[in-house]
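According to TrEMBL, the protein has these features:
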DOMAIN    56-232  domain 'Major facilitator superfamily (MFS) profile'
TRANSMEM  98-117  transmembrane segment
TRANSMEM  123-141  transmembrane segment
TRANSMEM  148-171  transmembrane segment
TRANSMEM  183-203  transmembrane segment
TRANSMEM  215-231  transmembrane segment
Amino acid sequence: MAHIHPENKSDSKVGAWTDTQTAMQAVGGEPPTYVKNLDYSVEEEAQVVRILDTRLFPWILLTTFVLNMDRTNHSNAISDNLPADLGFTINTVNTGTAIYAVIFSIFCFSGAVMAKIVGPARWIPILMFAWGLVTTSHALIKDKAGYLTVRVFIAVTEGGVIPATLIYLGGLYKSTELSTRLGWFWGVQAIASAVSGLMASGLLQLGGRSGLEGWKWLFLVDGIITVFISLL
């Protein structure tokens with residue numbers, strides 16, 4: 001059986017695991033142990049990659065899918081007369097969008113730092129739970145101040161997700177393996193936008209049920225789904 005020495009193979013992340021059991025621990029969120037002089041076979045390396053692809057990567061795709069779906073639903077809510085229902089104009093929406101963009105960018109950096117401190121496997125579910133709660137809280141908005149406040153908190157909770165996910169992927173895959181996974185990562189976001197539109201077309205029809213506007217149902221259902229997935 002041919003063996004590979006990690007010192008002779010640049011950019012290898014697989015040398016981080018002592019054996020398949022340690023790789024399984026990494027999938028479960030435990031940090032892998034790097035062994036400098038570890039020998040491993042091509043078959044063992046492929047086995048580790050298969051474990052990551054089948055047990056971890058689908059959850060990463062699901063996280064980014066839900067993230068982009070929730071982000072897209074803000075536009076769907078605007079189309080359902082959210083500004084008029086809350087008593088403000090499109091100028092307030094533009095202000096909220098600008099605030100969101102600035103804070104989102106700031107927390108991209110801080111989110112990356114936190115991911116390295118806490119560990120992406122723990123930090124990403126925490127963020128997902130938080131942005132799910134904030135998404136749900138959109139249904140409680142009563143006025144302009146409430147709208148802008150919620151946009152601040154949604155930017156804080158969503159901002160660190162993508163950087164943390166990229167750090168996670170970069171620590172698990174080699175560069176030659178990463179490009180394909182990133183293609184899936186970004187592609188899923190486009191699919192999420194399409195699915196979000198289809199969901200919105202149905203959920204907005206619930207307007208008037210239980211005294212809630214359609215856009216409130218949209219945020220409420222999306223937020224509950226997000227919180228549920230974060231707890232799995």
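Backbone N, Cα and C define each Cβ position, glycine as well.
Annotations in TrEMBL come from automatic prediction, not curation.
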Ranked by Cβ pairs within a distance under 8 Å of the transmembrane segment (215-231), the first of 98-117, 123-141, 148-171, 183-203 is 123-141
With the cut-off at Cβ under 8 Å and a gap of six or more residues from its ends, the chain residues touching the transmembrane segment (183-203) are 57, 60-61, 64-69, 72-73, 76, 165, 169, 214, 217-218, 221-222
Beyond a gap of at least 6 residues from its ends, the CB atoms lying under 8 Å from the transmembrane segment (148-171) belong to 13, 16, 60, 63-64, 67, 70-71, 92, 95-97, 99-112, 114-116, 120-121, 123-124, 127-128, 130-131, 134-135, 137-138, 141, 178, 181-182, 185
The answer for the transmembrane segment (98-117), taking Cβ pairs under 8 Å and residues 6+ beyond its ends, is 123-124, 127, 148, 151-152, 154-156, 158-164, 167-168
The predicted model's mean pLDDT over the domain 'Major facilitator superfamily (MFS) profile' (56-232) is 92
